[in-house]
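To start, the structure itself, in structure tokens.
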Amino acid sequence: MENSTGLKSSLKTRHIVMLSLGGAIGSGLFLGSGKVIAQAGPSVLLSYVLAGLTLYVVMYGVGKMVIHQDDHKAGMAGVVAPFIGDHWAHFADWVYWATWMAVLIAEEAGVSTFLAILIPGVPLWVFALVVAVLGTAINLWSVKAFAETEYWLAFIKVAVILLLIALGIYLLVINDAHLGFVADSAQKVTTKSTAPSFAPNGFSGFLTSLLVVIFSFGGSELAAITVAETENPKVAIPRAIRGVLIRIISFYVIPIFLFLHLLPWSEVSNPDAASPFATIFARVGIPHADKIVLVIIVIAIFSAVNSAIYATSRSLYSRIQGSSTYVGKKLGKLSKNQVPTNAILVSSFVLFIGVLLSAVLGDGFWQFVAGSISFTISIVWILLLVAALVLYFKHKEVTNWFVKLATLVVLIALSLVFIMQIITNPWTLSVFALVICLLSYFSYRKKKSIIEKTFIL
């Protein structure tokens, strides 16, 4: 089935659920959870709960906006434009596009690095080329191919987390010291004798962990740009969103809780220690636990690359849709499977540039670019909250006063977090990100896309 955008509406509710879930469960949980625990101590549990609530408020607003639209257009702009206007919608689309472009180049470097660890002796650029070709091919095939791939990649990640939860609960119940876990409760992180306090590094440590956790959830909003390719989006999107909060908190909070109770503080407080996932799997007796976790990390990062190609191509397509220029028509061209072929190729081109730079420069430059605009995802969340508030107050029957108040509180809190990020980031990174935002804002021209203006068409 097609819609007014020309794209094929073939995404189902199960795809949207896994896209949101997969976007929030990245390599950070498998690789970086130990570092977050070391920074915040037991207070990291509160960080995950608060971040999960923030995400739910944002996604709840997305669901309401989708329900109250009859014509579902592609891209982030298609969701927010009816509420905050075309100019700010244009800004949101390009900031979102720039953010995902950074994700593309950073995650390509990341997945190539981990593949090199698994398969030593192969040049890094070879892995980068494989990732670039595979990710581009999946997205060019069809939106259903992309959705099915993401569904099963997310399924694997969820299955590993469920396995960890089952093993962790089993170990807590039997409290089996001979497996290498600490049986004496005096050695566990939750006691005052080992962890100095609920937040060992004070408020700054808690705040740092909160920032990391909030933006590790970036990608869940991907559901917002799938509306043009979703079967019955008014039903599918809200249904998928309703389950986000419980799933996110369960798949993050429960594993972290188990890490805190099963591993001694001296181990979980060491930021250079092995992944807690690998540690628990190894001590249970699962062979090659470190290799298994590396494979899961590769899957998680490739999933991010795959999603980034989808997000950037749809944002680009939404910006040039309806253009009468030569470049606009070319970029708006759809394949026989109703996917924006040229928009995908342009968006994924950066991956092939990454292949060359992996062979010459390594990934240092790309890590700088990724770090410099990684917090721009908060701008998109803020705009989604503003758009939701406009809907709530314009159509008072949409929701009750509690939801309006909660959305306003989250908006203020997220804005403060964003300001603190700018202050605490190195000034070079903040300036670079500011330039991206200014270009996105001032590039707007009514009924013209940035592509048209760039080529003076």
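Glycine is no exception: its Cβ is also placed from the backbone N, Cα and C atoms.
For reference, Swiss-Prot has these:
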| type | residues | note |
| --- | --- | --- |
| TRANSMEM | 16-36 | transmembrane segment |
| TRANSMEM | 43-63 | transmembrane segment |
| TRANSMEM | 91-111 | transmembrane segment |
| TRANSMEM | 114-134 | transmembrane segment |
| TRANSMEM | 154-174 | transmembrane segment |
| TRANSMEM | 205-225 | transmembrane segment |
| TRANSMEM | 243-263 | transmembrane segment |
| TRANSMEM | 292-312 | transmembrane segment |
| TRANSMEM | 342-362 | transmembrane segment |
| TRANSMEM | 373-393 | transmembrane segment |
| TRANSMEM | 403-423 | transmembrane segment |
| TRANSMEM | 424-444 | transmembrane segment |
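For the transmembrane segment (403-423), the list of distant contacts is 53-54, 57-58, 60-61, 207, 210-211, 214, 375, 378-379, 381-382, 385-386, 388-389, 392-393, 430: same-chain residues at least six beyond its ends, Cβ to Cβ under 8 Å. Counting Cβ pairs under 8 Å to the transmembrane segment (243-263), the top-ranked stretch among 114-134, 154-174, 205-225, 292-312, 373-393 is 154-174.
Same-chain neighbours of the transmembrane segment (154-174): 18-19, 21-22, 25, 29-30, 181, 251, 254-255, 258, 261-262, 277, 280-281, 284, 296, 299-300, 303, counting only residues six or more beyond its ends whose CB sits under 8 Å from a CB of the stretch. Contacts between the transmembrane segment (292-312) and the transmembrane segment (114-134): present, as 3 or more C-beta pairs lie under 8 angstroms, all at sequence separation of six or more. Per-stretch counts of Cβ pairs under 8 Å to the transmembrane segment (43-63) identify 373-393 as the leading one among 91-111, 114-134, 373-393.
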